[in-house]
Structures are given as structure tokens and as C-alpha cells.
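Here's the structure we're looking at; comments come further down.
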Amino acid sequence: MYAQVIVDVPARPTDRPFDYEVPLELEACVEVGSRVEVPFGPRVLQGFVVGVSAEAPAGIDRSKLRTVRRVLDMTPPLTPELVELARWMSGKYLCPEIAALQVMVPGALKAKYDKVVVLREDVWRRREEAAQPELLPTDPVRAELADWLRARGEATAEALLERFPGSASLLKSMLAEGVLEERQRVQDRMSVKTALTVFPCGTEAELREAASALPARFQKQKDVLDALLAEGLRPQRLTELLHAVGVTSSVVKSLEAKGLVELRDVEVQRDPYAKRDFARTQPLPLTEEQSHVYEAVCGTLADGRHEVFLLQGVTGSGKTEVYLQSIQRCLELGKEAIVLVPEISLTPQMVQRFKGRFGDDVAVLHSRLSHGERYDEWRRIVRKEVRVVIGARSAIFAPFTKLGLIIIDEEHESSYKQEESPKYHARDVAIRRAEAAGAAVVLGSATPSLESVFATTREGGRKFRLLEMHTRALGRPLPPVQLVDMREELKNGNRSMFSGALHKAIEERLHKKEQIVLLLNRRGYATFVMCRSCGYVAGCPHCDIALTYHQNSRTLRCHYCGYAEREKSQCPDCQSEHIRHFGTGTQRVEEELVKLFPGIRVIRMDVDTTSEKGSHEKWLTMFGEKKADVLLGTQMVAKGLDFPDVTLVGVIAADTVLNLPDFRAGERTFQLLTQVAGRAGRHTLPGEVIVQTYTPEHYSIAAAAGHDYAAFLETELEHRRANGYPPYARLINITLSHEEVPRLMRISDALAQRLKEQALAARQSGEDGFTFDVLGPVAAPIARIKDRYRFRCMVKYRGDAVASRIVRRSVAAFEEQMAKEKLQISVDVDPQLLM
Ligand code: ADP
Ligand code: ZN
Ligand code: ZN
């Protein structure tokens, strides 16, 4: 038996199947989709079997064929259908096939021969305790990195750099100093998970006494003991304890040295939902609109036909109930279902709705799970223990074999596009997968993407079937939206960030004990540092981007390359001391709220407050339990939440996204405003929405205020048509980067030239039915990252196959240069973010 294997080297020359002989004893376990270990050059690599045959490949000397060494899993992690899908992705998104195959399996299967980095505690302490602190390297990330590593025990360099972006050189120097050590990981990555846990040593009385005996300068150690006592001496996860008390692990280590606590590795339960009881729910009797949609979907399911539905249902119209009952039907037909929701909406509330209906038949996959948790959930799919998967983007690759239905909720969300290679869009992959499996796809949204709506029209070829729901399931009307012109407020002397109307409305809700959602529509949520005297803004020396202030470590960091420096007390340009950080927008709104409404309870949700695992859930639960009056945040408060007592939604500034140089800015603004407005008055209490804006006349804002999707669509489509943007054409973004500008400019020009020539050649060879326009090259919106300059060519095209061939061939011509002079070219097909 012979196998064709795609090996784990994501580069172009190796982007093809290689032939291997399969030894007799392995024949039974090698199939298309198997993960194998094969020799490759001097190395041993992981690979995926993409084909098997009984005949030796033609024209190859059999004696030269190398053999498959090992099969890595009893059950192949991929199905033949997924292997085929990977090939398609490689063609469509111009990525190596291995990249597509890798993205389909959980991270736990990816890096088996990884080395891991561990902290050498002894070396670290010796250095820490060195009497000359001025000899210690000053990078502020060091200590944080050491703490993190200590708490985790070990980490791959990859995981470490993901947590501390851009710390590659720091990592290197710490390895050189011997503080960190690289070890070959011997144990299986998928073994049980453990965590460092703090065990109090002694009785309550003993520890109490020990605590009071500690001298005052050991206040932190006292705090830790108090925290343990407060929890009834329950052993606590080290990381959680540190976080709760706000100390570093050295404090706990000191207690350990005194024999008051003990640190031990303890096995951790990996089922992320193991501790929760999901109340079972029964199907609700459908409303007329819901039944109509349900019947349409079921008709297709029963026929086992492939069809794509676009379900446009206003917020609160009960789309989820339709999903649930359609899935029920799908299961009754003996088939499986995948539900995609945006990462941010994958709240416990959402999980409850699915687990409540299907119980243990559901696996949940999202990126907030650890490698191990993800792996365990995923294995339940492989073992056929579940028939429903709910997850974020990559759940689209769930290895089902009898797929009947794929649901994509909030289908317009840009997070369905992966921004790193393979740069795939889950919607397109879903449709492709469903086509092959004869499955139905339901794309749901209150504000569908223009691309999807267009596909339901005659002009768009009626590829999708439109289903609509205009009324809310519980009969409540959509809440009235009031636009407040902030220019008028300013004219009338109101300099606060709250208009008179919003101020009054908040006051009212507080009085009535109802709840409020406040949205700060801002994408550049980062906190930057500016000099008030001269306007200097602290920027990264390696990237054209402002540094972000991190409150916890009091450092300034670059989010692109990880460069870090200490907080400044003086402006480096004018020496003024009026240099300070400008809090995230949400932080400032919070301060103002507390000032204006004494006693108000605010939950703030933004990147800062939700970086911790589980924090997102924690805040939402608190809000649901009415432990706060206001839920204040960025995009994440706009999506999918269903709280009965929210009767007021306020938008602080609606226009901020409008000004971004992205042709989807209008669409994003409309979607966000509509989504957030939909959080108000969903149950019995009537809702109200107040939107503050500087451009109330803008069509996106006006249409969102009138809940008028049709009006928005008409204007937006006109713009797109006039400018040749999607859905009237499609885009490919080609970004080139190089260390030297003149060289980069020359290469970029040459690439643009080559693209045009290839397009011409295609036309001359008789290809038609395509368009292909090359724009640029121009400097990319962020013109420099990690000391590399960036240029961009944008291609506007119609006709998938021809366009990707032209781009592939053109880029291939620069391969030698890419290898020789550190030129990078990255291709993004159908980009979602143009920034
Ligand atoms: P959407 O996802 O369209 O915004 P949801 O599915 O969250 O809407 O439904 C909004 C509310 O209406 C939820 O509280 C849900 O339980 C309720 N609901 C949905 N369908 C029905 C129904 N047929 N009968 C009663 N209540 C329903
Ligand atoms: Zn200054
Ligand atoms: Zn940088």
C-alpha cells in the first residue's frame, strides 16, 4: 500500500503530496485523513494522508520510496471530506495545504514535537536575590513572564510568544542566561492537565495565629493567609489566589518557605461545563413567522438537498428557537449539525440554550478553552458521542460524517474571517462543505452582510433563499430610537459626554431599578500616552503605531511587536510633566458615570477587563443577577445578550467607526447600532434607545434609528456599485513587506506590473467572464511593523478561478526574492478588515 502525504512544512516547494510506502503492519490504520509520522530529508515530520493506493506511483523507483513510520491516532482525525475541503481552501485562499489541514484539528494535535520552555526557579531566585539590582536586566516583561511560566509549569515558545507578543529577543536572552531552559517535551501533550495549587498547612487557629504573628512589613503574606482563611482553608489554584489577592507568586513562596502553605500540582477537570447543571427546556410553540421559516428549512433537510437560507430576523424575533427546532429535526433524520456563533456571543447564556435542549449531545468549541479542553471536546465528536457542535469560527471543521445542517448566527460578523493564514471565511467554507455533504445552511442575522443579501437577489444570481421575520417573538415592538445631535448639546453649553436626554434617561432607570446598557462604539480602544503641552504621542520605535498603556504593569507596549518601556513622567520632546495616559474610552465613561450618579453600580467590559479567562462570563452573570445598574462596554455588550430588565440602551458616540478608511465603515456602524438597540425591551418591559452622534444625518445612523434595513441597503448598495466594491466585485489584498523602502517600492511596482501582464495573458488566451483591476501599490495603512515597511496592492476582480490563478502565478515569480532577501508577501482573499 502507498500513501500520499502532505508534510508539516508550510512552504511553497513542499506544498504538494509526497509518496510513501506503507508497511504491512500499518496498512489497517492508514486511511485518507490519518495523521502519520514520516521521514522527510534528515528530519521526521508529522503529515496528513491525502490519498492511498494499492499501486506504486507511476514513474518512481520503488526502492527509493521511504516508508511511513508511525500512525499517530487510532481513529483518523480528519475525514476524506475534510481533506478535500483543505485542498479547496488551499486553492481559494492561496495558502499551503498543510496550513488548511492544521487549522482543522485542535491545537493539541499540532505541535507534538515541540520543545517547551521551563523556568529554572533556582537560577531565577539567585538573580532576584543578587544584591545589585542595577545589574538586573530592566525589561519590565521579565518578571511577568517568569510568573506566568511558573504558574503554568511549562509552555511552548509559541504559547509564550502569543502571551507576550514580540518577546522573542527577551526569550532568547533569558535562555542564554539560563533562567529559562528548553526541554524536549517527552510526555504526551494530551495527558491529564494539572495546575499548581496552594494547600494551607495547619488548622484555622494555627494559621490565624501565624498571620497575626507576622511583622507588619509582611502585609502581603498576611493578605494571602487571610484569603485562605476566608475561604475556609479550601485549597486554591495558585493563579486564582494571586489574582484575587493581587500579589506575585514570590509572596506565596515565602509562605511556603515558612511551612504555612504547600504548593502541589493537582489534576484539573477539563470538561469546561462539567460543573454546570443545564436546566432542560422544551420546544416553544412557534409563532407564525417562525413556523414559516422552520417549514422551509425542514423541507430541505428532509430532501437531503443542499441549500443556503438567509434568515433575516429582527433582534428578538426568536431566531435561536428556530435554530433549535431545526436542529431537532436534523437529528431526528439521523444527521448532525454545526452551529457557529461569534466568539464574543458564546456566553454561558448561549451555551445553556443549546445544552438545555440537547444536553450531552452538544460539544462546545471556542478559543477561550485551553488546548486540552478543546481536545477533549473535539474527541467527543470523533468518538461520535455528540451530534451537535456549537462553536466559534473553526468549529466549522468539526469532523462529522453525516452533516445535515450548518447554522451561522450573526453571519455578518467580521470575526468569521480568520486574519492569519489560512485566511479563510467560515461562511464560504461552510457553504462549500455543505455543498459536498448535501447539507442545508442557515445564515441568520438581523443585519445581514451586503454580500449575503445580494446573493438572494436576482442580480446576485439568487444563490441564497431569503427568509424573513419582522416581529419580535414576545410581541414587543422594536424600541424607539432617539438620535441626539451632540453638536447642539455643545452649543447649549453641555460639555459632558452625556447629553441631557441620556442623563435624564439614566436617572429614571436608576430610580425604577431597571438596567442600562451603554455602548462606546470605538475600535481604537487602546490607551495611549500624550503630552498635553506639545502633543507628543509615545510611539513604537519599530512600528508606525502608538504605544498602549498597560495599567497593571505601568508599562507602555506595542501591540504589534511587543516592544515595552516604562511609563514616562516627562515628555521626551519638551520635558513637560503634563504627559499622561488617556484612559480607554470606557474607563473615562465609567469615571464620569460614578461622578454624575453617586452610588451607581457599573460593570465595565472591554479588552482590559475581559482578558482573564472566564471574566467575560463572570461580568455577564453578575449583570444578569442585577448586581449592577449599568453594563458599559465596547462591541462586546452589543451582541446577543438577552436580559429582561434592560430598558435603556445608550450609545455614547455613534460615529467613531464611520471615520475609518474602510468601505465597510457604514455597514459596520449600521449593524452595531441595530444590534445594540436590540438589547432593549426584549421581554415585558418596554425599551428605549438613545444614540448620541455628531452626524445624525448620515444614512447609516438615520437608517439604524428608523430600524430601516431596506433604506440602509439601498443607499449602501448604490455606493458599492458606484465604487466597484463588494458585492459588485471582490477584493484580494496583497501586502508586501521589506526592511528597505526603495527596494520594497521597486518590488511592489514589479508585482503590480506582473499582475497586469498575467491578466492580459489570460484574456489573450481566450479566458473571459472575468474582470481584474490592480490598484496600487501604495503604503499600507500601518506603514511599518517590526521595522519592516509595508506596501499593498489591491485587486478588484470578478471570476474566482481566474483571479486566484493570476495572483498565484504572479506571486510565485517573487519566490526566489522572498527566500533570498527577506521579502514577505501575504495574500488575503476577500479581506474583511482593510486597516
Ligand atoms: P433573536 O436571536 O432573534 O434575537 P431570541 O431567539 O433571543 O431572538 O428570542 C428572543 C426572546 O423570545 C427569547 O427570550 C426567547 O426565549 C423568546 N422566544 C423565542 N421564540 C419564542 C416563542 N415561539 N414563544 C415564546 N417565546 C419565544
Ligand atoms: Zn511635550
Ligand atoms: Zn512595535
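The backbone N, Cα and C atoms fix where each Cβ goes, glycine too.
Any TrEMBL annotation is an automated prediction that lacks curation.
If you look up TrEMBL, you'll see 300-466 marked as domain 'Helicase ATP-binding'.
The Zn(2+) 1 binding site annotation in TrEMBL covers CYS531, CYS534, CYS571, CYS574. In the three-state DSSP classification, CYS531 (Zn(2+) 1 binding site) falls within a strand.
The feature Zn(2+) 2 binding site is assigned by TrEMBL to CYS540, CYS543, CYS558, CYS561. For CYS540 (Zn(2+) 2 binding site), the same-chain residues lying six or more positions away in sequence with a CB closer than 8 A to its CB are ALA546, LEU547, CYS558, TYR560, CYS561, TYR563.
Residues or ranges marked as domain 'Helicase C-terminal' in TrEMBL: 566-735. Per-residue confidence over the domain 'Helicase C-terminal' (566-735) averages out at a pLDDT of 86.
Other Cβ atoms within 10 Å of the Cβ of CYS558 (Zn(2+) 2 binding site), summed over all protein chains shown, number 23.
Report note: the Zn(2+) 1 site is defined by CYS531, CYS534, CYS571, CYS574, and the residues of the same chain whose CB lies within 8 Å of the CB centroid of those residues, excluding them, are ARG532, SER533, GLY535, TYR536, PRO572, ASP573, GLN575, SER576, HIS578, ILE579.
Separating the Cα atoms of CYS571 (Zn(2+) 1 binding site) and CYS543 (Zn(2+) 2 binding site) is a whole-number distance of 20 Å.
Not a single one of the binding-site residues among CYS540, CYS543, CYS561 has a C-beta coming within less than 6 Å of an atom of ligand 2. By the rule that a residue counts when its Cβ sits under 6 Å from some atom of ligand 3, the binding-site residues CYS531, CYS534, CYS543, CYS574 yield CYS543.
CYS561 (Zn(2+) 2 binding site) counts 20 other C-beta atoms within 10 Å of its own C-beta, drawing on all protein chains shown. Those residues of the chain, other than CYS540, CYS543, CYS558, CYS561, with a C-beta within 8 angstroms of the mean position of the Zn(2+) 2 site C-beta atoms are GLY166, PRO541, HIS542, ILE545, LEU547, HIS559, TYR560, GLY562, TYR563, ILE785, LYS786.
The distance from the Cα of CYS543 (Zn(2+) 2 binding site) to the Cα of CYS531 (Zn(2+) 1 binding site) comes to 20 Å. The C-beta environment of CYS531 (Zn(2+) 1 binding site), restricted to residues of the same chain at least 6 apart in sequence and closer than 8 Å, consists of VAL537, CYS571, ASP573, CYS574, SER576, HIS578, ILE579.
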